[in-house]
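Heads up: the structure comes next, in structure tokens.
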């Protein structure tokens, strides 16, 4: 009997060792069973990405799905935070908006490229005259943000867009900017953002109260193109990468990550290699261009009370110097 128990114990130890080697030694990370059905869109790699040490969880599915978003929120703690980094008091808004979307898939069903090489394209004026368009278009995944245009700037920033992050005040409203091959991702910071999306999808009159500037009054994208970003991604950017406090002093406005840092965080979860373009700012000349498009100058950046640009620049400097990412617009 004793020998039988010893054999069972040794078998258990061996099984644990094998599983440990499979799941961790090859960097194919453990994922919760509730998410398994959504994992087939992220091809595992045999080597760790350079930035692996920055993340507590790996291969996290970044988009909310109507069928299980509450389970995912409970699993990763988003049910313990209010917007913008959770959904504790806004779950019904999320449910209604998600019910009108057609998909929460990450990549196209025919996209089976493993270990994706991605570029996150910021909107910085440093992209002017860099002629990086062809280089940018060569990546497996191209992530853009807000209303940074491609049309008319193809030589500088390329033509293709895989993902574009937006919020109601920053989304395109002119149909000439719609690429049917682009997936657009709502980053919700307040319940009004979800209500706005729901009203647009239902064809209702848009309530513009509660926005810091007038949001788009029409939606140029089809429901199949739209996703809602899991607040966990934004929370990771704020607390894990930028190390923002969870409670700010009463005399300070809370700081939130810019869309650019959120986009980089998204890339960390879905890509094996991440390159950046357009994330360098010229603070020494406040008259220098803020974006690669338009006439805005760097002086506007200093007036923004809701972002900690200094913390973000230090974070970018750190991950670039440590070769966790590659900067295409480094002078």
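Each residue, glycine too, has its Cβ placed from N, Cα and C.
For reference, Swiss-Prot has these:
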CARBOHYD  129  N-linked glycosylation site
CARBOHYD  181  N-linked glycosylation site
CARBOHYD  282  N-linked glycosylation site
CARBOHYD  295  N-linked glycosylation site
CARBOHYD  308  N-linked glycosylation site
CARBOHYD  327  N-linked glycosylation site
TOPO_DOM  1-4  topological domain 'Cytoplasmic'
TOPO_DOM  26-331  topological domain 'Lumenal'
TRANSMEM  5-25  transmembrane segment
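Known features from Swiss-Prot, placed on the structure.
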residue	record	Cβ neighbours (10 Å)
129	N-linked glycosylation site	10
181	N-linked glycosylation site	10
282	N-linked glycosylation site	16
295	N-linked glycosylation site	7
308	N-linked glycosylation site	19
327	N-linked glycosylation site	19
Task = Within the topological domain 'Lumenal' (26-331) only, compute the mean pLDDT.
result = 92
Request  = Using residue 308 (N-linked glycosylation site) as the reference point, find which of the glycosylation sites 129, 181, 295, 327 has the shortest Cα-to-Cα distance to it.
outcome  = 327
Request  = Compare the C-alpha of residue 327 (N-linked glycosylation site) with the C-alpha of each of the glycosylation sites 181, 282, 295, and give the closest one.
outcome  = 282
C-alpha spacing of residue 129 (N-linked glycosylation site) relative to residue 181 (N-linked glycosylation site), in angstrom = 27
Inquiry  = So, three-state DSSP: helix, strand or coil for residue 327 (N-linked glycosylation site)?
reply    = strand
Remark   = CA pair residue 295 (N-linked glycosylation site) / residue 282 (N-linked glycosylation site), Å rounded to integer, equals 15
